[in-house]
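Chemist: Sharing a structure below in C-alpha coordinates format, with a few things to ask.
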(Lines of atoms letter the chains of each structure in order from A and count residues from 1; the text may use other names and numbers.)
(Lines give C-alpha, C1' and ligand atoms only; values in the text may rest on other atoms or scores of the structure.)
Protein backbone atom coordinates (compact mmCIF):
# COMPACT_ATOMS: atom_id res chain seq x y z
CA UNK A 1 0.00 0.00 0.00
CA UNK A 2 2.84 2.41 0.87
CA UNK A 3 4.42 1.77 -2.54
CA UNK A 4 1.10 2.64 -4.20
CA UNK A 5 1.07 5.96 -2.35
CA UNK A 6 4.62 6.82 -3.44
CA UNK A 7 3.77 5.93 -7.06
CA UNK A 8 0.70 8.18 -6.95
CA UNK A 9 2.36 11.32 -5.53
CA UNK A 10 4.36 12.23 -8.70
CA UNK A 11 1.17 11.88 -10.77
CA UNK A 12 -0.63 14.27 -8.43
CA UNK A 13 2.20 16.79 -8.82
CA UNK A 14 2.15 16.39 -12.60
CA UNK A 15 -1.63 16.91 -12.66
CA UNK A 16 -1.33 20.04 -10.49
CA UNK A 17 1.15 21.63 -12.89
CA UNK A 18 -0.78 20.83 -16.06
CA UNK A 19 -1.38 24.35 -17.35
CA UNK A 20 -4.75 25.20 -18.84
CA UNK A 21 -7.79 27.45 -18.25
CA UNK A 22 -8.46 25.87 -14.83
CA UNK A 23 -4.90 26.70 -13.73
CA UNK A 24 -5.27 30.40 -14.57
CA UNK A 25 -8.81 30.79 -13.23
CA UNK A 26 -7.57 29.32 -9.93
CA UNK A 27 -4.77 31.91 -9.69
CA UNK A 28 -7.06 34.75 -10.77
CA UNK A 29 -9.78 33.76 -8.29
CA UNK A 30 -7.24 33.60 -5.47
CA UNK A 31 -5.76 36.99 -6.34
CA UNK A 32 -9.17 38.70 -6.61
CA UNK A 33 -11.22 36.95 -3.92
CA UNK A 34 -8.84 35.17 -1.60
CA UNK A 35 -8.13 31.65 -0.40
CA UNK A 36 -11.68 30.46 0.43
CA UNK A 37 -13.10 31.42 -2.94
CA UNK A 38 -10.23 29.78 -4.84
CA UNK A 39 -10.46 26.65 -2.66
CA UNK A 40 -14.21 26.40 -3.37
CA UNK A 41 -13.47 26.63 -7.09
CA UNK A 42 -10.76 23.97 -6.74
CA UNK A 43 -13.09 21.57 -4.92
CA UNK A 44 -15.42 21.83 -7.90
CA UNK A 45 -12.51 20.96 -10.19
CA UNK A 46 -11.74 17.90 -8.05
CA UNK A 47 -15.40 16.84 -8.24
CA UNK A 48 -15.08 16.99 -12.03
CA UNK A 49 -12.02 14.74 -11.78
CA UNK A 50 -13.91 12.28 -9.57
CA UNK A 51 -16.75 12.15 -12.12
CA UNK A 52 -14.26 11.35 -14.89
CA UNK A 53 -12.51 8.76 -12.69
CA UNK A 54 -15.80 6.94 -12.09
CA UNK A 55 -16.60 7.01 -15.82
CA UNK A 56 -13.11 5.73 -16.69
CA UNK A 57 -13.14 3.03 -14.01
CA UNK A 58 -16.59 1.56 -14.59
CA UNK A 59 -16.24 1.69 -18.38
CA UNK A 60 -13.00 -0.33 -18.32
CA UNK A 61 -13.28 -2.38 -15.11
CA UNK A 62 -14.63 -5.65 -16.57
CA UNK A 63 -12.31 -5.57 -19.58
CA UNK A 64 -9.22 -4.85 -17.47
CA UNK A 65 -10.06 -7.70 -15.09
CA UNK A 66 -9.95 -10.11 -18.05
CA UNK A 67 -6.77 -8.82 -19.70
CA UNK A 68 -4.84 -7.39 -16.73
CA UNK A 69 -1.89 -9.77 -17.35
CA UNK A 70 -1.81 -9.20 -21.11
CA UNK A 71 1.36 -7.29 -22.21
CA UNK A 72 -0.62 -5.66 -25.02
CA UNK A 73 -2.38 -3.62 -22.34
CA UNK A 74 0.89 -1.78 -21.70
CA UNK A 75 1.22 -1.11 -25.43
CA UNK A 76 -2.32 0.27 -25.61
CA UNK A 77 -1.85 2.41 -22.50
CA UNK A 78 1.51 3.64 -23.77
CA UNK A 79 0.06 4.62 -27.15
CA UNK A 80 -2.77 6.43 -25.34
CA UNK A 81 -0.27 8.45 -23.31
CA UNK A 82 1.94 9.16 -26.33
CA UNK A 83 -1.09 10.38 -28.28
CA UNK A 84 -2.20 12.58 -25.38
CA UNK A 85 1.33 13.98 -25.01
CA UNK A 86 1.78 14.65 -28.74
CA UNK A 87 -1.59 16.41 -29.00
CA UNK A 88 -0.72 18.54 -25.96
CA UNK A 89 2.69 19.32 -27.50
CA UNK A 90 1.14 20.40 -30.80
CA UNK A 91 -1.50 22.50 -29.03
CA UNK A 92 1.32 24.45 -27.37
CA UNK A 93 1.88 26.12 -30.75
CA UNK A 94 -1.72 27.28 -31.02
CA UNK A 95 -3.05 30.50 -29.57
CA UNK A 96 -4.26 29.21 -26.18
CA UNK A 97 -4.18 32.69 -24.60
CA UNK A 98 -7.65 33.46 -25.98
CA UNK A 99 -9.16 30.47 -24.14
CA UNK A 100 -7.34 31.49 -20.96
CA UNK A 101 -8.66 35.07 -21.18
CA UNK A 102 -12.21 33.83 -21.73
CA UNK A 103 -11.96 31.53 -18.72
CA UNK A 104 -10.55 34.29 -16.52
CA UNK A 105 -13.32 36.67 -17.60
CA UNK A 106 -15.79 34.22 -16.07
CA UNK A 107 -14.48 35.03 -12.57
CA UNK A 108 -17.21 37.15 -10.98
CA UNK A 109 -16.63 39.80 -8.34
CA UNK A 110 -19.07 38.40 -5.74
CA UNK A 111 -17.79 35.71 -3.37
CA UNK A 112 -20.49 33.16 -4.15
CA UNK A 113 -18.71 29.99 -3.03
CA UNK A 114 -21.34 27.58 -4.32
CA UNK A 115 -21.32 29.27 -7.72
CA UNK A 116 -17.53 29.09 -7.82
CA UNK A 117 -17.71 25.41 -6.86
CA UNK A 118 -19.98 24.60 -9.80
CA UNK A 119 -17.92 26.82 -12.10
CA UNK A 120 -14.83 24.76 -11.22
CA UNK A 121 -16.74 21.54 -11.84
CA UNK A 122 -18.09 22.63 -15.22
CA UNK A 123 -14.82 24.15 -16.43
CA UNK A 124 -13.06 20.86 -15.70
CA UNK A 125 -15.87 18.56 -16.85
CA UNK A 126 -16.16 20.09 -20.33
CA UNK A 127 -12.48 19.30 -20.94
CA UNK A 128 -12.48 15.90 -22.67
CA UNK A 129 -8.69 15.77 -22.30
CA UNK A 130 -9.17 15.27 -18.56
CA UNK A 131 -11.22 12.13 -19.26
CA UNK A 132 -8.42 10.93 -21.55
CA UNK A 133 -5.90 11.48 -18.77
CA UNK A 134 -7.89 9.45 -16.23
CA UNK A 135 -8.61 6.71 -18.77
CA UNK A 136 -4.86 6.42 -19.28
CA UNK A 137 -4.25 6.28 -15.52
CA UNK A 138 -6.86 3.53 -14.98
CA UNK A 139 -5.75 1.47 -18.00
CA UNK A 140 -2.05 1.72 -17.12
CA UNK A 141 -2.06 1.47 -13.33
CA UNK A 142 -5.22 -0.60 -12.74
CA UNK A 143 -3.57 -3.89 -13.82
CA UNK A 144 -0.39 -2.97 -11.90
CA UNK A 145 -2.58 -2.65 -8.81
CA UNK A 146 -4.06 -6.10 -9.62
CA UNK A 147 -7.44 -4.39 -10.21
CA UNK A 148 -7.84 -4.43 -6.43
CA UNK A 149 -10.55 -1.90 -5.51
CA UNK A 150 -8.89 -0.92 -2.21
CA UNK A 151 -5.47 -0.35 -3.81
CA UNK A 152 -6.99 1.61 -6.71
CA UNK A 153 -8.98 3.73 -4.25
CA UNK A 154 -5.86 4.56 -2.21
CA UNK A 155 -3.87 5.24 -5.39
CA UNK A 156 -6.46 7.61 -6.90
CA UNK A 157 -7.16 9.29 -3.55
CA UNK A 158 -3.44 9.97 -3.10
CA UNK A 159 -3.27 11.57 -6.55
CA UNK A 160 -6.22 13.85 -5.73
CA UNK A 161 -4.94 14.77 -2.25
CA UNK A 162 -1.50 15.59 -3.68
CA UNK A 163 -3.15 17.63 -6.42
CA UNK A 164 -5.27 19.54 -3.88
CA UNK A 165 -2.27 20.13 -1.59
CA UNK A 166 -0.18 21.57 -4.45
CA UNK A 167 -3.14 23.70 -5.51
CA UNK A 168 -3.41 25.14 -1.99
CA UNK A 169 0.23 26.22 -2.28
CA UNK A 170 -0.54 27.75 -5.70
CA UNK A 171 -3.48 29.63 -4.20
CA UNK A 172 -1.30 31.06 -1.41
CA UNK A 173 1.38 32.09 -3.92
CA UNK A 174 -1.08 33.25 -6.58
CA UNK A 175 0.21 36.81 -6.99
CA UNK A 176 3.85 35.72 -7.24
CA UNK A 177 2.99 32.96 -9.72
CA UNK A 178 0.99 35.32 -11.93
CA UNK A 179 4.01 37.62 -12.22
CA UNK A 180 6.41 34.75 -12.92
CA UNK A 181 4.30 32.89 -15.48
CA UNK A 182 5.15 34.78 -18.64
CA UNK A 183 3.82 33.39 -21.98
CA UNK A 184 7.31 32.10 -22.79
CA UNK A 185 7.60 30.20 -19.49
CA UNK A 186 4.08 28.81 -19.83
CA UNK A 187 4.97 27.58 -23.32
CA UNK A 188 8.09 25.81 -21.97
CA UNK A 189 6.26 24.21 -19.02
CA UNK A 190 3.48 22.86 -21.25
CA UNK A 191 6.03 21.38 -23.65
CA UNK A 192 8.06 19.76 -20.85
CA UNK A 193 4.92 18.14 -19.38
CA UNK A 194 3.91 16.91 -22.85
CA UNK A 195 7.37 15.39 -23.42
CA UNK A 196 7.26 13.66 -20.01
CA UNK A 197 3.95 12.04 -20.97
CA UNK A 198 5.35 10.93 -24.35
CA UNK A 199 8.48 9.50 -22.69
CA UNK A 200 6.41 7.65 -20.10
CA UNK A 201 4.24 6.29 -22.92
CA UNK A 202 7.29 4.96 -24.79
CA UNK A 203 8.48 3.21 -21.61
CA UNK A 204 5.11 1.48 -21.28
CA UNK A 205 5.14 0.42 -24.94
CA UNK A 206 8.60 -1.12 -24.45
CA UNK A 207 7.32 -2.96 -21.36
CA UNK A 208 4.53 -4.39 -23.49
CA UNK A 209 6.89 -5.55 -26.25
CA UNK A 210 9.46 -6.99 -23.82
CA UNK A 211 7.49 -8.31 -20.81
CA UNK A 212 10.17 -10.87 -19.87
CA UNK A 213 12.86 -8.20 -19.59
CA UNK A 214 10.52 -6.14 -17.42
CA UNK A 215 10.05 -9.09 -15.06
CA UNK A 216 13.82 -9.65 -14.86
CA UNK A 217 14.38 -6.00 -13.90
CA UNK A 218 11.68 -6.24 -11.21
CA UNK A 219 13.32 -9.39 -9.82
CA UNK A 220 16.71 -7.64 -9.66
CA UNK A 221 15.13 -4.67 -7.83
CA UNK A 222 13.50 -7.03 -5.31
CA UNK A 223 16.83 -8.79 -4.72
CA UNK A 224 18.54 -5.44 -4.10
CA UNK A 225 15.86 -4.46 -1.57
CA UNK A 226 16.41 -7.69 0.35
CA UNK A 227 20.11 -6.88 0.83
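Here the Cβ of each residue, glycine as well, is placed from N, Cα and C on the backbone.
Take a look at what TrEMBL says about it:
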- 6-27: transmembrane segment (TRANSMEM)
- 39-59: transmembrane segment (TRANSMEM)
- 71-90: transmembrane segment (TRANSMEM)
- 121-140: transmembrane segment (TRANSMEM)
- 152-172: transmembrane segment (TRANSMEM)
- 192-210: transmembrane segment (TRANSMEM)
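What's the neighbourhood like for each of these?
Modeler: Tertiary neighbourhood of the transmembrane segment (39-59): same-chain residues 22, 25-26, 29, 113-114, 116-125, 130-131, 133-135, 137-138, 142, 152, 156, 160, 163-164, 167-168, 171, selected by CB-CB distance under 8 Å and a gap of 6+ residues from either end.
Tertiary proximity for the transmembrane segment (152-172) is limited to same-chain residues at least six positions away from its ends with a CB under 8 Å from its CB atoms, namely 1, 4-5, 7-9, 11-13, 15-17, 26-27, 30, 35, 38-39, 42, 46, 49-50, 53, 57, 137-138, 141-142, 145.
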